[in-house]
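**Q** Below are the features listed in TrEMBL for this protein:
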DOMAIN    22-566  domain 'Cytochrome oxidase subunit I profile'
TRANSMEM  39-57  transmembrane segment
TRANSMEM  88-118  transmembrane segment
TRANSMEM  139-165  transmembrane segment
TRANSMEM  185-210  transmembrane segment
TRANSMEM  222-250  transmembrane segment
TRANSMEM  283-304  transmembrane segment
TRANSMEM  316-336  transmembrane segment
TRANSMEM  348-373  transmembrane segment
TRANSMEM  385-407  transmembrane segment
TRANSMEM  419-445  transmembrane segment
TRANSMEM  457-483  transmembrane segment
TRANSMEM  503-526  transmembrane segment
Amino acid sequence: MSAHADTHAHEDDHGHHHKETFITKYIFSQDHKMIAKQYLITATIMGVIAVVLSMMMRMQLAWPEEPNVIFEALLGKWAPDGVMDADIYLALVTIHGTLMVFFVLTAGLSGTFSNLLIPLQIGARDMASGFLNMISYWLFFLSSVIMIISLFVEAGPAAAGWTIYPPLSALPMAQGGSGMGMTLWLVSMAIFIASSLLGSLNYIVTVINLRTKGMSMTRLPLTIWAFFITAVIGVISFPVLLSAALLLIMDRSFGTSFFLSDIFIQGEVLHYQGGSPVLFEHLFWFLGHPEVYIVLLPALGITSEIIATNSRKPIFGYRAMVASILAIAFLSTIVWGHHMFISGMNPFLGSVFTFTTLLIAIPSAVKAFNYITTLWKGNLQMNPAMLFSIGLVSTFITGGLTGIILGDSALDINVHDTYFVVAHFHLVMGISALYGMFAGIYHWFPRMFGRMLNKNLGYIHFWVTAISAYGVFFPMHFIGMAGLPRRYYTNSNFPLFDDLADVNVVITIFAVIGGVFQIVFLWNFFYSIFYGKKAEQNPWKSNTLEWTAPVKHIHGNWPGEIPHVHRWAYDYSKPGHDNDFVPQNIPLKDGEEELQH
Ligand code: HEM
Ligand SMILES: [Cu+2]
């Protein structure tokens, strides 16, 4: 395998591989390390937009119907005299959710870290197809541009929620954003899915075919296992959303009735017959649920690596961790019905979905247990990457526990579509995956940019983010249990909820503090790319192969032969060695036993 990769790189260096120009190096690059940076920076921009939208929603919820200069400045005619329109609130919810789930945490996590780490950690010169990798990034870029353009459509952006249920999404005349806004959303997402599929196929083929000598599947770092299985889930489930989107486009523009039936608008009967909006829900959630693992698994893989390295201990239960990833991946494809308990589903079928959903608690608990056991009595290095990883373990548990409640149909029905759900999914998926992304950035920044991030700014970033994230999402459980519905732009017409107004103000204050402090991170990130302290070869004393490649990126990753692998990635504090880490490329000593838990 490696011999083949070597000859390939040889050709690249001396044969057809000509001098790099600015355009081939920075724009149409086929080098996985550059593509990783392109993904990261594009996703960061989308993230900033998504956070700004969430700040506007929170301000609206805290002080509804009060004029706000920020609304007036950013929303223009949708906030006459600074008072927000109901329709535009729904559009903010929709675009915020879409950007966060797909553009930041799907493309941002896999696009950045699978790209950066798969070749470097398995010992490959690059992705299986650099060309497809480049196309994948540029399709992502195109879909991002279209999504942003949709924010400026005269009648408003899409406003049917990130789940775009029909009939709201299917009838172009339903509301402002249902026309051009919704069309652009669908086109953008179709291109996004094409990008994601090309990326995933590349990751899968690379992991299967291009591992260096000695890198057996059971010696793979858990990061790679996570990225690999994430790509497999993506290939299985994204095409289903693509077909749902295409059928929806047919319903909207070509007179079909896949998802619509017997609709009257203002006394007039529309022509639709025989379709079913519930069919759409099934198709949507067949992707939608696995999607939460598409964002979460890479974050969990990143955390495994960072926690083991910074505990200076082998990861606890390597095989159990791999088995959990596989079990989660399999189960994630047979639980989608838990989003549809109130769609008129037969209660017996509901109980089947409850059963499969609760089963996921087992591998999830195994993972949480193994993180904590790895930390236990470790020689903990509390750098920002480690703090964010521990933060992930915390939110994964607090968010996961409410999943047990929501997964149970008898309980879910009571809190469906309330803030309880908003609290649950933000913690378990949104914040957890975001922490995984931050952890990955702090840990691999030196590998990406050859410089270090400032640690002290990292500490400030972590603590303010962690406190404000709980400040925002913890109280939402209670207002949710009190019945406050989600996706409402105001509740001031319901005296029932007057008591909750103060809680909403407190939540918003935490949200604004947390949001504004992300500037500390952005500053640290962009400043350090140019002026950060120069990175050492292996700053975290880690075992994985990426730290054996030169700090300054070269095409093909390693100057000479690709290192061979002789052990798993977790030989930390192994007795009989002088250092508390033994990188994967160091041969076993005479009589040394290979560890493998
Ligand atoms: C910066 C911190 C965040 C704040 C303050 C925030 C706030 C909000 C608010 C106020 C809503 C609307 C609730 C409603 O009216 O129903 C919402 C919805 C949503 N958010 Fe966030 N959010 C944040 C981060 C995230 C992250 C990291 C994700 C990633 C998964 C995310 C995903 C979503 C989704 C999927 C929705 C639902 C959209 C829908 O109902 O269609 N959010 N968020
Ligand atoms: Cu789900």
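Note: Cβ is positioned from N, Cα and C throughout, glycine not excepted.
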**Q** Mean pLDDT, the domain 'Cytochrome oxidase subunit I profile' (22-566)?
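**A** Mean pLDDT, the domain 'Cytochrome oxidase subunit I profile' (22-566): 96.
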**Q** Which of 88-118, 348-373, 457-483 has the most Cβ pairs closer than 8 Å to the transmembrane segment (316-336)?
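**A** Going through each listed stretch, the top one turns out to be 348-373.
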**Q** For the transmembrane segment (503-526), find every same-chain residue at least 6 residues outside the stretch whose CB is under 8 Å from a CB in it, and list them.
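**A** For the transmembrane segment (503-526), the list is 44, 48, 51-52, 54-55, 58-59, 61-63, 438, 441, 445, 453-454, 457-458, 460-461, 464-465, 467-469, 471-472, 475-476, 478-479.
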**Q** Among 39-57, 139-165, 222-250, 385-407, point out the range having the most Cβ pairs under 8 angstroms from the transmembrane segment (457-483).
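**A** Maximum Cβ contact count belongs to 385-407.
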**Q** So are the transmembrane segment (88-118) and the transmembrane segment (385-407) touching or not, going by 3+ C-beta pairs under 8 A with a sequence gap of 6 or more?
**A** no
**Q** So, taking each listed stretch (39-57, 139-165, 222-250, 348-373) in turn and counting its Cβ pairs to the transmembrane segment (185-210) that are under 8 angstroms, which one gives the highest count?
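**A** Selected stretch: 222-250, with the most Cβ pairs under 8 Å.
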**Q** Same chain, outside the transmembrane segment (419-445) by at least 6, Cβ under 8 Å from its Cβ: which residues?
**A** 40, 100, 104-105, 108-109, 112-113, 116-117, 292, 295-296, 298-300, 302-303, 305-306, 309, 383-386, 388-389, 391-392, 395-396, 398-400, 402-403, 406, 451-453, 458, 461-462, 465, 469, 472-474, 476-477, 479-481, 484-486, 521, 525, 528, 532, 540, 546
